[in-house]
Structures are given as structure tokens and as C-alpha cells.
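Read through the structure below, which is laid out as C-alpha cells, and then see the notes.
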Amino acid sequence: MSDRIPPVLRPEHPSARSLAGLVSEFELEHRGSLDGVEVTGITLRSNEVQPGDLFVGVPGAVAHGASFAVDARESGAVALLTDAGGAELAADSGLPVILVDSPRAALGAVSAWVYQTNVHPPLTLGVTGTNGKTSTSYILEGILKQLGLVTGLSTTAERHIGELSVVSRLTTPEASEIHGLLARMRESEVRAVVLEVSAQALSRNRVDGIDFDIVAFTNLSHDHLDDYADMEEYFEAKLVFFDPDRARRGVVSLDSPWGERIVSASRIPVTTVTSVEGADAEWRVEILDETAAYTSFRLTGPENRSIETSVPLIGRHMAANAAVAIVMLVEAGFELEAIGHAIQGGIDAYLPGRTERVSGDRGPAVFVDFGHSPDAFLNTLTAVRTFTTGRVIMLFGADGDRDATKRHEMGRVASEHSDILVITDHHPRFEDPASIRRTLIEGAALAEHQAELHEVSPPEDAIRFTVSLAQEGDSILWAGPGHQDYRDIRGVRTPYSARALARDALRDAGWA
Ligand SMILES: CC(=O)N[C@H]1[C@@H](OP(=O)(O)OP(=O)(O)OC[C@H]2O[C@@H](n3ccc(=O)[nH]c3=O)[C@H](O)[C@@H]2O)O[C@H](CO)[C@@H](O)[C@@H]1O[C@H](C)C(=O)N[C@@H](C)C(=O)N[C@H](CCC(=O)O)C(=O)O
Ligand SMILES: Nc1ncnc2c1ncn2[C@@H]1O[C@H](COP(=O)(O)OP(=O)(O)OP(=O)(O)O)[C@@H](O)[C@H]1O
């Protein structure tokens, strides 16, 4: 059993900043003396406080952060920033207190001030959308490297600073963490930063205090309706990215109908891109070849200028993601021809757990994927079908304690587009895994095309069973776990790697 928490990256040589300066800069109220108090960092988690930190007490769904002020002080926090309720809770902490109406809303600007991240920032690119954020971000990083830049990256899977890589916790870190990360990137002379931005991050002030040069919207489809009342509210959460307070210019994919809505409502200038045949956009993607190893495409923009390249990933949706990345760089000021030259031999990007092929030359092709929405299933299954000469076999389970309203549709799409469907478990969290499987099976029954259906639990057994069904020419798509190295079972992170399990199953079946 494990409760491994990935590390948080911060500057190694932070500058000390006078708290009195913060109070006068933002005209804040305070209690207790700030004379000589200097801060070198900022955090909203008491268990991550480092000596010299400003601890920010945020009221949360479970607790008020300020109630941990004593712990924070014992770990070396020098002051507390919180709201009036938090100040009451922390009255005995002995820390000087800076008062704000909303600590979460203040966190971005204050973190930018502490780490001075708005002084000579690097080129800053942000990607949002339901699916494709991580993929587009990795592809952007890959192209920027091929253009010769030192890059930084923050995604659901990993955070990168040049060649340094750590596993991520949240998709988009809290503002204090993200500004610390940006400051650490500056120490490594990073020239271009790519940030994956979730709807939750936009709703919860996590990217406040960051001036994005270019932001992109990939698509919107059913997901996260546990966090948002309906699709309209989910859309509104993404739309706020397209505002002059956040970004200079935008790139919008018209591949989902919500793209047009972003274009109409955007408050910054945007350009458009589509991979849908016959659709109208300023930039158009034409698929040249789809194989089990790569997808090649032509991207044509204004004045019919075009480039041809490929992504080492399967499916037209990955070419669409790559096109969004290229257009973002054009909008950022790179010449299309220079980009085309840098990637003429193909885009060099390795995406952990995004339709990642884990099989070798013999036996079935096996892909491990992070897809966990009906639209992601549709796109990846369609891609797999394109080059599969035998049967398409799908294995998946659904997240517990997350949007349950998408489960029927996940089951339906999976059955509709596969020949054999194996339903298993994913992260049950505090839900009963058998009941999650039942809902998925109900969904599968709604499909017009019924795949041969199996139910196998736990996933360790399910992948072995699935491989035992497969033959040369077949493809297996295992959707859900992607890059992740644990399963959340009743709040405990149990070590688990779908990629390793799939490789083991293939080896034991004699396909290694
Ligand atoms: C719903 C949501 O976003 N919740 C976030 C929120 O939790 P919360 O309001 O429940 O916090 P809380 O537990 O009440 O604690 C309040 C405050 O006290 C602090 N605290 C708490 C305990 C303690 O001992 N010491 C301490 O300082 C906490 O750090 C926090 O600042 O603040 C916490 C502290 O930063 C986050 O870890 C937590 O994210 C949770 C883990 C989460 O799962 N978020 C998901 C929904 C999320 O944000 N997902 C998106 C998108 C993913 C996707 O695209 O699929 C993402 O960007 O990751
Ligand atoms: N443009 C796209 N359209 C539809 N589906 C996509 C697209 N790009 C990727 N996918 C599918 O969605 C899955 C998740 O992709 P990716 O991790 O890039 O998305 P994400 O937006 O970062 O997801 P998350 O919000 O869960 O981190 C992929 O593994 C693939 O199945």
C-alpha cells in the first residue's frame, strides 16, 4: 500500500520579499507587526510549508486552512494571509495576519508578487478543453524543443523543467504552486512554458496572476457534470480563459460545436482550426496517412500556406491536437515555414499513457489510454479500427466518485465501436466497484451494435483475460488508467501500472 505524494517544484534560490511591501502594494489590512518580516515562498497547504513561507488559509469544502496555522508556524511559516473567519480561527497562532476578502481570489496575484513571476515572463501558452489538453501540451513542448527552445510543461501527467520531470498531482496546480513552478523554470532559463488548464483551475483561481500569450480550446463534451450543473455552466467555466485579463490571443478548434460558441463569445482575438472534412476554418487539417504508429497530415492556413508533418500518435484527433499546437506557435510569432522545417521529419513527442502502444511487433497491438469520456472513446476506437485487420477489443472501467452521468454513454459508445468489450474496475474510490460495472453494462446494452461482453474484476485479471482472447491482427484498447501509477481504492493509493500489467500479460501469453 502506498500514499505516495508527488513533489512540488519551487525555486531553489528564492529572493526574500518584505511583507510590509506586499501590504502596501495591495493596500491590505493586517494584524500584528510586520516589521522585518520577509517571505521567500507561499503555500496553502500546511504540510508543505517551508521556512520563510507565507501561509495562506483558504476556506475549503472540508476545512478552513487557517485552522492549521499553528502547524504552519511550527514548520516555519512567518505570516498568515486569510479572511476574517480564518483570522478568528488562527487567533492563537502567534503569526502576523494579513486580511483579504477571499484568500483564494488573492492567491494568484500574491504568489506572482512573492515569486516575481510577472517580471520578464517566458512565452506562456495555455491549453483548455475536455479532451486533448495533455496531448496538445506535450506536442507543443515537442515542437518548441525541435525549434531549439528550453521548455517548461505542466500537465495532468507530468511537470517538466527542461529535462527534469516530476509526476503531477492535480492537472493544474493551485496558484501558489504554479507560480513557484514558474519561478523554478526561470532559474533553469526556460524560454517557453506550456500549461494545461482545467475548467476547475479557471473556476478556482489557479491560473490567476499569469499573463498567457496564447490560449487554446480543443473541444467540449460530456464530462465533469459532478462539478458543473450542466454543459452550459461547464462551457462558461472554459470561456473565461478567452478574456484580455488572462490572454492576448486565442486558437479555437471548431471540431466540436462548442468551438463556434467560444469564437462568438471570446473577448480576445481568435483564429480557428478544424480537422473536419469540408468544414470552414482559417486553418484546416487534412489527414494524409493513419497507421498504428503515426498519423501524418497537411495543415493549410491563410493564403494557402501549408506544411506537412506527422505525430507519433494514432488517430485524426491527435493530428487535430498537433494542428492546434502549430497554430498557437504561429500566433505566438513563429514563422510557419520555420516550424515546418523543424518538424519536417515528424513531431518528436512522447506522451505517457495517451494511446501509448505497449505491444511489440508480434501479437495483438495493445494501447493504454487515459480516455475517460464518451467522446474520447469514440475518437480512440475509431482510430484503432482504421488500421486493425482483426477485431477491436476494448477494456475499461469508470472512475468512482466522479461524474456518474456519463457512465451509460461510455458503455454504449464502447459497445457500439468494439467487437469484444471487457468491463472492469478503475479507481472505485468510495463507490462499490460492482455497482459501477453494472451501470456500464446497462449502457453497453443501449448500443445498436452489441459487442461480445465480458465482466472481469479486478483489472489485473481483466487484462490477462483480454490478452487471452486476442490474436495476431487484433487490437486491444485499455482506456482509463493512462500514465497513472496507482489505483484509488477507498482513499488509499495502491501502486498499479496498467502499462506494466499489459506488458506482463503479453509476455506471459508468449507475445513478448
Ligand atoms: C474540488 C477541488 O478542487 N478541491 C480542491 C480543494 O479542496 P477542498 O476545498 O476540499 O480543501 P479542504 O480539504 O477543505 O482544505 C482547505 C484548505 O486547507 C488546507 N489544509 C487542509 C488540511 C491540512 O492538514 N492542512 C491544510 O493546510 C488545504 O490545503 C486547503 O487549502 O483544495 C485542495 C487544496 O489545494 C485541492 O487539493 C482539492 O483538489 C481535489 C484533490 C481534487 O480532486 N480536485 C479535482 C476535482 C480537480 O481540481 N480536478 C481538475 C481537473 C481534472 C481533469 O481535467 O480531469 C484538476 O485541475 O486537477
Ligand atoms: N482532440 C481530441 N478529441 C477527442 N478525444 C481526444 C482528443 N485528444 C485526445 N483525446 C482522447 O482523450 C484522452 C485524454 O487525452 P488528453 O489526456 O490529451 O486529454 P485531457 O484534456 O488532458 O484530459 P484530462 O482533462 O483528463 O487531463 C486521450 O487519451 C484520447 O482518448
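Just so you know, glycine gets a Cβ as well, placed from its N, Cα and C.
Per TrEMBL, the feature ATP binding site maps to G129, T130, N131, G132, K133, T134, S135. The C-beta environment of K133 (ATP binding site), restricted to residues of the same chain at least 6 apart in sequence and closer than 8 Å, consists of V127, T155, T156, T171, E196, V197, S198, T218. In the three-state DSSP scheme, K133 (ATP binding site) is classed as helix.
The domain 'Mur ligase N-terminal catalytic' annotation in TrEMBL covers 38-111. In the predicted structure, the domain 'Mur ligase N-terminal catalytic' (38-111) carries a mean pLDDT of 97.
What TrEMBL lists as domain 'Mur ligase central' is 127-328.
What TrEMBL records for 353-481 is domain 'Mur ligase C-terminal'. Mapped onto DSSP helix, strand and coil, the domain 'Mur ligase C-terminal' (353-481) counts 52 helix, 26 strand, 51 coil.
If you draw a 10 Å sphere around the CB of K238 (N6-carboxylysine), it holds 23 other CB atoms from the protein chains shown. Annotation source TrEMBL lists N6-carboxylysine at K238.
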For T130 (ATP binding site), nearby residues of its own chain (Cβ under 8 Å, 6 or more apart in sequence): T218, N219, L220, S221, H222, D223, H224, S256, S373, D375
Secondary structure content, the domain 'Mur ligase N-terminal catalytic' (38-111) (per DSSP, counts of residues): 28 helix, 18 strand, 28 coil
Beyond the site residues G129, T130, N131, G132, K133, T134, S135: chain residues whose C-beta lies within 8 Å of the centroid, for ATP: V127, T136, E196, T218, N219, N321
C-alpha spacing of K238 (N6-carboxylysine) relative to T134 (ATP binding site), in angstrom: 16
